[in-house]
Every structure is written in C-alpha cells, then in structure tokens.
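Below: one structure, written as structure tokens.
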Amino acid sequence: MASTSTASATAMAGAFAAAGVNKPRGSAACPRVPAGGRQRLSCVVRCDAGPGVPAQMAAMAASVAALEQFKISADRYMKEKSSIAVIGLSIHTAPVEMREKLAVAEELWPRAVAELTNLNHIEKAAVLSPCNRMEIYVVALSWNRGIREIVDWMSMKSGIPAVELREHLFMFRDSDATRHLFEVSSGLDSLVLGEGQILAQVKQVVRSGQNSGGLGKNIDRMFKDAITAGKRVRSETNISCGAVSVSSAAVELALMKLPKSECLSARMLLIGAGKMGRLVAKHLAAKGCKKVVIVNRSVERVDAIREEMQGIEIVYRSLTEMYEAAADADVVFTSTSSESPLFTKEHAEALPPVSGALGGVRLFVDISVPRNVSACVSDVGHARVYNVDDLKEVVEANKEDRLRKAMEAQTIISEELKRFEAWRDSMETVPTIKKLRSYADRVRASELDKCLQKIGEDALTKKMRRSIEQLSTGIVNRLLHGPLQHLRCDGTDNRTLDETLENMHALNRMFGLDTEKAVMEQKIKTKVEKQKTQN
C-alpha cells in the first residue's frame, strides 16, 4: 500500500474520465491512486535481426532487449502501485437485459480468470457472477490501463458497446473495493438485504480460484476475510432472521399475483432443481402448497428434494416433458443455467389457457440470469412474466427492520476491513525485509569465509566452527532487529503507514536494495514470459 500523493485527486479524476465509469463512493480520491498521464508502454518486445544474423544471435539480442525493456517498464510503473480494484454491475445499476449478457456460469469462472490475467496490466483476478451481479476483482499493475482493458474485455464478451456499458458500471479501488466485497458477502448489497446465498457464492469463488491459481495472495486473503465478515454479520446482528431470499421472494410474488382464494390450489411447476430451485420448493411447502411438479435433467436432485421435504408431494418430469408439464401448470418457476430461453412467445401461445378462477393468466416467475423466459411472452394474452428485477416490490415490505441491523453490520465490516488493511500494509515491507536480510547474510557469509581462511580450516574443530557461525548470525540478527522493527506495519504500534514507508525507502537508499523496482521488474518479466509461452 502506497502513501497518498499530492496528485491523487487529479489522477482519480483522470482514471474515471479514461474508463468512463462511476466514481467510488465515500471520497473524491482513494489512497493509492497513481499519477496519470504516462505514455502507454507495451510489454511485448520485438527484436528483428538482419538476414545474415544467425537465429541464436537474434534470440540473444531479443533477450538483452527484453531485459532492458523490463528496467524501462519498471521505472515507468514505479509510482503506479499494484491496486486491488473491482469493476462490475448489479441489480442496482443495470437491468437484467444487460446483466444476462455479462453473466458467467460458475463452471466458466476459471476460463474468465485466465482471460483476464492474460490482459497486459492485470496481474490476478476473480469473477463473482450470481444472478443479481457480475463483478470482476483484480490486482492491476496499472490503474488506468487495467480498467480500460477490463471494460474492453466486458464489451467484447457481451457484445455491448463500451460507451453503453460504462453508463451502468461501478468501480471501487483498494479499501473501497474491499469494503464493497465485505458488504456483498454480508448481504448488505443484495436485492434482499441479509440474504444468505451470496455468502456461499463468495466461498465458491475461493474454491474455484484455488483450483485455477488465478487469485493470488491479495485477492485470496480479501475473499477469505469477506467470508469471515459475512459470518460475523449474520451471527452478531441477526440480519438474516426473517430475511427473505430471492427464491422466497419469487414465491411471495407469485402468491401476490394469484387470487387469495386460489393460492393453495394453483398448480405449481418448477423447472430446475439446483440450489435456487430447491429453495423455491422449500418456500412453496412452507406456504402450504401440497404438490409441486419439478422438471430437471436428472432425477437424483429431485429425489433429494423429495427426501428433504416430506410434507409435500414432489412429482418428477424429464426435460422432454417440460412443455407438457407447463400446459398443466398455473404457475411456472424457472431456475436453470440455460444460456437460451426455454419459453418464447411461440411456446406460450401453444399452451392452453388456465382456469378462469385464476384470472385466465399463466404466471411465469423467472429467477434465472440469463433469463429462461423471453420478455415477449407477456405479449401473449393469457401469460405474464416476472423476472428478478420484479422482486423489488416484495423486498421493500421487509426492508425497514433489516436496515437498522445493517447499520450495526457496518461496525463489524469496519473492524474486518481494518484487520485486512493492516495485513496488506504489512505485506508492503516484506520485499525490503527479505532483501535486507539477504544482503546482510551475504556480507556475513563473505566475512566469515575470509575469517575462516585466515584461521585455517585445520585449526578449528566442528564445535568451534559452529560457534563462530552462530556468533556471526547473532551479531547480524541483533544489528537488524532495530531497523526491522521500524518496518512493522501490523497495527501493534502507534507508527503511521507513511512513517513505516519512509523507513522502508530510507533502508532501500542506504543499502542500495532498490526493492520496489526489482519487484516491478519481476512482475513485468512474469507477464512477458507468460505471453511468450502462450504465443
């Protein structure tokens, strides 16, 4: 974490102007904003050899040129510290028509992470893409360039022009990005305040990232701390008590649209038996529904639901029987991962009308993203479609009490945020500590070797040699103890981060460690080698 520069506010304005996205909440400038306006520099080095130069000489020249390029790149990026950033959209900023084009299925998260980390200025990445949001968390080598690359990637993936996309994106950086994730994990940013399913989805990001290796230590730690924050908020504030979920809100909405006298007699069809579908069945049972027909690819998940819910009749239908089952249903819930609509206007027109006691209208309640039911189905006279964006009217009724609990939750989030920032700050000085110890150990080993040569190997017993080595190590450790104490940044003393960083820079100058440049050179070198391997 770098100290705030005088150019921070200007650089932040430049970053938003360049990326064309909304400013982070909270402050006009964030603490790690780099000075903008540097020339764009490609990390890919080309070195053309003349026709008479052997291939090995050309390769050697390319290698030397690449090393020089690393140094130039490192110099230019020195003031652009690696930043944690999140860029995305949610139900609060974008309609479902846009969110579904950007949605990334869970099994495709690793591929998306691989594509993102292949971008020139993205070091590590994570994707969180449940039904109500699509968020990309990254460690960016360059703030301005990295954000532009992500927006372009999102535009390419979705087919939405970048200009249109920017109108709906939000972006947070460093501590603002961390706070946002902690709020998401705690259910404070959900459509349904305090809902619990988002915490499971945050956990899945960690599991997916551990398998793909794309998270890196900063994002991995941030997500794990977000899980801790989410658990604490739910256990210490009871924000989830009485809270509805997306699935229960879908059931409530369907029952609101049915005549009260016919709610329990309406024929219910559920398409999809995943996590969301299972919760729909559970809430239907809790409302007194006696029978639910479930269409699913395999019978095993339906059997599991049947075993869990003994008080309701569960009938299984295969996917080939879906339209036949829909013809016999008054209310159709859809919750699948299908990339294309299951019901179009033509499908709805082919279905027979429902009972006049139910108003003659078949209800489609679609909680899938991408949507399983085309919006044009509502153009059919005897059909109405509701999607996740229509759940807001149900949610508002239960919101006031949980808003009070959300204020309590912010105290917990601030505590966890402080703990994470202290850890991240402590990581800032680790390279300097390592290089200083390595430098001191090289000096110790060199001087020890000179001493032993003067004494003569034959004049020393093993015990005497070991004692001399321990003496040299002890002297070095005692000498380093004071300086290293002044590099501690874990919140256990009264030293500010700026003071700690000043100490770090002083040690770098005094001992010629050049740590920051070496770290950046290594990052750029890793990027170039990765690109060469893929090409």
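Cβ atoms are placed via backbone N, Cα and C, with glycine included.
Positions annotated as substrate binding site by Swiss-Prot, on the basis of similarity to another entry: Cys131, Asn132, Arg133, Ser190, Glu195, Gly196, Gln197, Gln201. Secondary structure from DSSP puts Gly196 (substrate binding site) in coil.
Look at Swiss-Prot and you will find Cys131 tagged as active site, nucleophile, backed by similarity to another entry. Taking a C-beta cut-off of under 8 Å and a sequence gap of six or more, Cys131 (substrate binding site) has these contacts in its own chain: Ala103, Val246, Met276, Ile367, Ser368, Val369, Val388.
Mapped onto three states, the DSSP output places His180 (site 'Important for activity') in helix. If you take the C-beta of His180 (site 'Important for activity') and look for same-chain residues 6 or more apart in sequence within under 8 angstroms, you find Val86, Phe172, Asp189. The annotation site 'Important for activity' is assigned in Swiss-Prot to His180.
Mapped onto three states, the DSSP output places Gly274 (NADP(+) binding site) in coil. Taking a C-beta cut-off of under 8 Å and a sequence gap of six or more, Gly274 (NADP(+) binding site) has these contacts in its own chain: Arg301, Ser335, Thr336, Ser337. Annotated NADP(+) binding site per Swiss-Prot: Gly272, Ala273, Gly274, Lys275, Met276, Gly277, in sequence order.
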Do me a favour and check the Cα-Cα span between Lys275 (NADP(+) binding site) and Glu195 (substrate binding site); whole Å is fine.
14
Given the substrate site residues Cys131, Asn132, Arg133, Ser190, Glu195, Gly196, Gln197, Gln201, which other residues of that chain have a Cβ within 8 Å of the mean position of their Cβ atoms, reported in sequence order?
Pro130, Gly187, Leu191, Val192, Ile198, Ser245, Val246
Taking only the Cα atoms, work out how far Arg133 (substrate binding site) lies from Ala273 (NADP(+) binding site), in Å, as a whole number.
21
What count of other C-beta atoms do you get within 10 angstroms of the C-beta of Arg133 (substrate binding site), across all chains shown?
25
Inter-residue C-alpha distance, Glu195 (substrate binding site) and Gly272 (NADP(+) binding site) (nearest angstrom):
21
Please report the Cα separation of Ser190 (substrate binding site) and Gly277 (NADP(+) binding site) in Å, rounded to an integer.
19
Given the binding-site residues Asn132, Gly196, Gln197, Gln201, which one's Cα is the least distant from that of Gly277 (NADP(+) binding site)?
Gln197
